[in-house]
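**Q** Okay, so TrEMBL annotates it like this:
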type     : residues : note
TRANSMEM : 19-38    : transmembrane segment
TRANSMEM : 66-90    : transmembrane segment
TRANSMEM : 96-118   : transmembrane segment
TRANSMEM : 139-156  : transmembrane segment
TRANSMEM : 162-179  : transmembrane segment
TRANSMEM : 191-211  : transmembrane segment
TRANSMEM : 252-272  : transmembrane segment
TRANSMEM : 284-307  : transmembrane segment
TRANSMEM : 313-330  : transmembrane segment
Amino acid sequence: LGNEVNVTLYSPPLPEFDYSMVVIFLIAVFTVALGGYWSGVAELENLKAVASPGERETRWKKEENVTFTPVTVILFVVICCVMLVLLYFFYKWLVYVIISVFCLASAMSLYNCLAALIGEIPFGQCRITCSNKTIEVRLIFLAIFCIAAAVVWAVFRNEDRWAWILQDILGVAFCLNFIKTLKMPNFKSCVILLGLLLLYDVFFVFITPFITKNGASIMVEVAAGPFGNSEKLPVVIRVPRLEHSASTLCDLPFSLLGFGDIIVPGLLVAYCRRFDVQTRSSSIYYISCTIAYAVGMVLTFIVLALMKMGQPALLYLVPCTLITSSLVAWRRKEMKKFWKGSNYQVGWRP
């Protein structure tokens, strides 16, 4: 062979666009659209209950919605900021608290989502009585199934080959239940919430690198697990990258989308859907806001591909959804009503 031997390692160039983004896009838009629609269905049932005095008390007892006021919106954002900073400094311990909370919340959310579907099935309604309370047997089995799903994920959460599927299912259920349960009383509260969380997202992604010692973004560090921590926060939709590269031979890199990038705009979509129901406006607000969210996601992915660095998705989602909703309300000459909300929006009180 002679005195010189040359060895070359070839790595195929990475594609400009990773197709896992398409999967994340479909999951995000589907969750936002379905969550908004579900919220509208609940609003329609509330309006029917108010119109029928005999159903008021029963419907009010079943109602599990929580209404955000401007004060609680500000408090919520402050709690988000404090929690993120605490996670950055005490990630090693708090990550297990978040995992425990996620298991509990996602199991309850999955139960609520599936129970709503099962409730539409007219058969298999066998009931048992215990302590003067009756419950359907199928709901007991459903509860066991949801708890088992959360436990299986908790045990195998670091199994990258398939655990991400279960995490995404639980995450979608969590986002759906959150969007349906948390009600924005008016567009004013939506603007305050989305505006503050936009500033929160931009600050912790773009500004904190100038503050931290290692020059890393607090948001990115916490999402990836600071200081090389093997435990990851289960507050993201994870989809393995579908590209063929040298890195995928030894590792399984993921594309991520935070739950906040689904829930926060989803609350605005849900408000638009409820406003459509109240004003009987043929879903124009709901459809336009959902399309605006999809456009915002596409814009996020384009900037991500061009800049090749993590982006605060709310930077693109919030302007798209807020501006579109405002233009629709202005065009329909309903801005004042859209801004203040309906009197019923605050909730009926006995």
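From the backbone N, Cα and C atoms, a Cβ is placed for every residue, glycine too.
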**Q** Cβ pairs under 8 Å only, please: of the recorded stretches 19-38, 66-90, 162-179, which one is richest in them relative to the transmembrane segment (139-156)?
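**A** Between the stretches 19-38, 66-90, 162-179, 162-179 has the largest tally.
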**Q** Three or more CB pairs closer than 8 Å, sequence separation of 6 or more: does that hold for the transmembrane segment (191-211) against the transmembrane segment (252-272)?
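**A** Answer yes, regions in contact.
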**Q** Would you mind listing the long-range same-chain contacts of the transmembrane segment (19-38), meaning Cβ under 8 Å and 6+ residues beyond its ends?
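**A** Distal contacts: 116, 168, 172, 175-176, 178-180, 237, 239-243, 254-255, 257, 261-262, 265-266, 269-270, 272-273, 286, 289-290, 293-294, 297-298, 301, 304.
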**Q** Counting only residues 6+ away from its ends, which parts of the chain sit with a Cβ under 8 Å from the transmembrane segment (252-272)?
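**A** Residues 18, 20-21, 24, 27-28, 31-33, 35-36, 39-40, 68, 160-161, 164, 171, 174-175, 178-180, 182-184, 186-187, 190, 193-194, 197, 201, 223, 235-241, 285-286, 288-290, 293, 296, 313-314, 317-318, 321-322, 325.
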**Q** Quick test of the contact rule: Cβ under 8 Å, at least six residues beyond the ends. What residues does that give for the transmembrane segment (284-307)?
**A** 16-17, 21, 25, 28-29, 32-33, 36-37, 40, 265-266, 268-269, 272-273, 275-276, 313, 315-321, 323-325, 328-329, 332, 338
